[in-house]
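For reference, the structure is listed below as structure tokens.
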Amino acid sequence: MATAMYLEHYLDSLESLPSELQRNFNLMRDLDQRAQDLMKEIDKMAVDYLGNVRGLSPEKRTEQLDSIEKMFSKSKEFGDDKVQLAMQTYEMVDKHIRKLDADLARFEADLKEKSSSSSQQKGDSDSGKKLKGKEKKKRKSMKEEFEDEIPRKKKKKGAPLSPEPEAAPISVPLISITHPSDVLDMPVDPNEPTYCLCHQVSYGEMIGCDNADCPIEWFHFACVGLTIKPKGKWFCPRCSEERKKK
């Protein structure tokens, strides 16, 4: 498309060149013919003058010499005009040559710019595909990793419980995901149990409530405002409120 545009513009600029060249060449040929005719006439007058000079009066001699001199001056003017036309014709052709060189340089620059732009777009596209592939692999490996660590079953309400010694809070160390929005894009099994106040699946660091009758049991650190494991027993916000009422 760009090639056709440059070619069309250049051909348009050349449209008047042939007629202008032909006009200048015709004028130069006409001037040359006039100069040659004038030189022949000067030669003839010179021969007549030399043959009759002894019989001519001083005034006639001077008059004929002046006429020959004027004819030489006229012939010189014809020659000068012909030289000016030749120079004008040369400049006319040279102008179009310079324009062609400039158009070729601009065309090559446009081609390089388009080639560089297309290469950059292709590289960005390939990088995007690689990043998407890596993200999919990362999500898959993350799911496989935390699936091995999530609590498998909830405690059933009313189920008999064996006495447990007082111990430090229970936490499940997993990959460092601290907010539910971090795993929204990850594939989730619809049959997988949910936990915490946010009713999301198990992920990240979790802590278990020390109330044996807690209906939720497991909580994400971020959802209950924790960043590290607390010392001693830990009760979830709901169980804490109930204990205060008692």
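Every residue, even glycine, has its Cβ placed from backbone N, Cα and C.
Residues or ranges marked as region 'Disordered' by TrEMBL: 111-170.
Residues or ranges marked as compositional bias 'Basic residues' by TrEMBL: 130-141.
Taken from TrEMBL, the feature domain 'PHD-type' applies to 193-242. Taken together, the residues of the domain 'PHD-type' (193-242) have an average pLDDT of 87.
The feature site 'Histone H3K4me3 binding' is assigned by TrEMBL to Y195 (among others). A sphere of 10 angstroms centred on the C-beta of Y195 (site 'Histone H3K4me3 binding') encloses 22 other C-beta atoms.
Its Cβ placed at the centre, C198 (Zn(2+) 1 binding site) has 13 other Cβ atoms within 10 Å. Annotated Zn(2+) 1 binding site per TrEMBL: C196, C198, H220, C223, in sequence order.
What TrEMBL lists as site 'Histone H3K4me3 binding' is M206 (among others).
Around C236 (Zn(2+) 2 binding site), a 10 Å sphere centred on its CB holds 23 further CB atoms from the protein chains shown. Positions annotated as Zn(2+) 2 binding site by TrEMBL: C209, C214, C236, C239.
Here TrEMBL flags D210 (among others) as site 'Histone H3K4me3 binding'.
The site 'Histone H3K4me3 binding' feature in TrEMBL is assigned to W218 (among others).
Here the candidates are the recorded positions C209, D210, C214, and by Cα distance the one nearest H220 (Zn(2+) 1 binding site) turns out to be C209.
Taking the Cα atom of each, C209 (Zn(2+) 2 binding site) and C223 (Zn(2+) 1 binding site) are about 13 angstrom apart.
The Cβ of W218 (site 'Histone H3K4me3 binding') has 22 other Cβ atoms within 10 Å, all protein chains considered. If you take the C-beta of C239 (Zn(2+) 2 binding site) and look for same-chain residues 6 or more apart in sequence within under 8 angstroms, you find C209, N211, C214. Sequence-ordered, the extra residues of this chain that approach the Zn(2+) 2 site, with Cβ no more than 8 Å from the Cβ center of C209, C214, C236, C239, are D210, N211, I216, E217, F219, F235, P237, R238, S240. Inclusion criterion for the recorded positions D210, W218, C223: a C-alpha placed within 10 angstroms of the C-alpha of Y195 (site 'Histone H3K4me3 binding'); this criterion is met by W218.
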